[in-house]
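J.: Sharing a structure here in structure tokens format.
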Amino acid sequence: MSDAAAGSAPRAAAARAVSAVIDGGRSLDAALAEAVVALSAADRGLAAAMAFGTLREHRRLAALIAPRLKRRPQPLLHALLLVGVHQLEAMRVPPHAAVHASVAATRALGLSKARGLVNAVLRGFQRDGAPAVGDAPGLRYSHPDWLVDAIRADWPQAWTSVLAANNAQAPMHLRVNARRIDREAYRAVLAEAGFEAVPTPHAPDGLTLDTPVAVAELPGFAAGDVSIQDGAAQLAADLVDPVDGERVLDACAAPGNKTAHLLERAAADVLALDVDGERVATLEATLTRLGLAARTRTADARAVDSWWDGRAFDAILLDAPCSGTGVIRRHPDIKWLRRPTDIAAAAERQGALLDALWPTLAPGGRLVYATCSILAAEGADPVAAFIARQPDAHERPIAADWGEPAAAGRRLAPGAHGFDGFYYAVLERRPD
């Protein structure tokens, strides 16, 4: 088998995954899992890198090759061309190898008749370089225009840095299981295994790896010493601040990282809910790996009568379903799959969750509202509206040196402190 033929498999897989997202509306995680199933571990990594990079820059890459095309080709061929151009522009792949392997990938994709087109477009790009695509922010930062407008409105002083951060590769953050080992001791274990890490700022249990590694290579992962969790998500446990014996509800709990962190912090009586049974199973597996226990239920948190026993909770964590606009750097498909109507629908659901859960909170108790969205419509807006209509709810200001104050609560821009974009608010129920 020639080198080009050998290199064609990961390129074909990347093209399939990109097309499945853009043209089929699938998530990148699901599309990649299907596309790389027959590849070696090394080729899976290469395919993932190409797919992620191509989707991060998809709109701009499409504009770069448009002048070389008489018409937009069929979806899979278009995806292959974009993957090829991304390699030439941004990856440490020898140009001749990128071109030859991309041409060879046409056969694996059933596009052999397009070999000449792929060769011509990629060689032309290699020879002439990238043409100017204009200064429109949506093109320059490769975001849909509606999302650029929304981010610009909510982050008027930092919108360009937010857009740029969305296209950056995220660091790998770890959360050390304090019930098993302290952070510095685990850092020493990592160093002994050849992995360098530094303490994650503002996250007492967090470590940030110098270089991302495969989960299977992390010492003690299977034994429950450590988990993968972004530093911004680790802030939830600090804000809930559980105490031994407290009744705590994690209302939208799957896949279980925040539930686990609460239990690593305190021997609380935790009920973890999620509407998706498969994700609840994942949550339970996470707790088992970490040696933790919680009561779990598959239920819609809004349907309180279906799961609540009538005993009030001392604390509630509501990690509300949202658009995910704060984690685009980890999930670049979000840029292309979300629509403006999704934001309004999420905000409506978030308000309904707050309304439904509030009566289950004990007087004097606290509810931590969290979203991995950077849009006010899913953060400060529903929180402020809830406080306005709920007379026994008041905001407890978050005294912290991370992020910045929002109209209500506190927000993090993606990339701040190395974190994902996030929003938090702490609400307290006035005593009777």
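Quick reminder: no glycine exception, Cβ is built from N, Cα and C everywhere.
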J.: Please pick, from D230, D238, D314, D319, the residue that TrEMBL records in the S-adenosyl-L-methionine site together with C252, A253, A254, P255, G256, N257, K258, D274, D300.
T.: D319
J.: Reported as an integer number of Å, what is the Cα distance between A254 (S-adenosyl-L-methionine binding site) and C372 (active site, nucleophile)?
T.: 14
J.: Expressed to the nearest Å, what is the distance separating D300 (S-adenosyl-L-methionine binding site) and C372 (active site, nucleophile) at their Cα atoms?
T.: 20
J.: At a 10 A cut-off on CB-CB distances, which of the recorded positions C252, C372 has the highest count?
T.: C372
J.: Could you tell me which of these binding-site residues, A254, G256, has the greatest number of Cβ atoms within 10 Å of its own Cβ?
T.: G256
J.: Looking only at C-alpha atoms, tell me how far C252 (S-adenosyl-L-methionine binding site) is from C372 (active site, nucleophile), rounded to the nearest Å.
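T.: Just about 13 Å between their Cα atoms.
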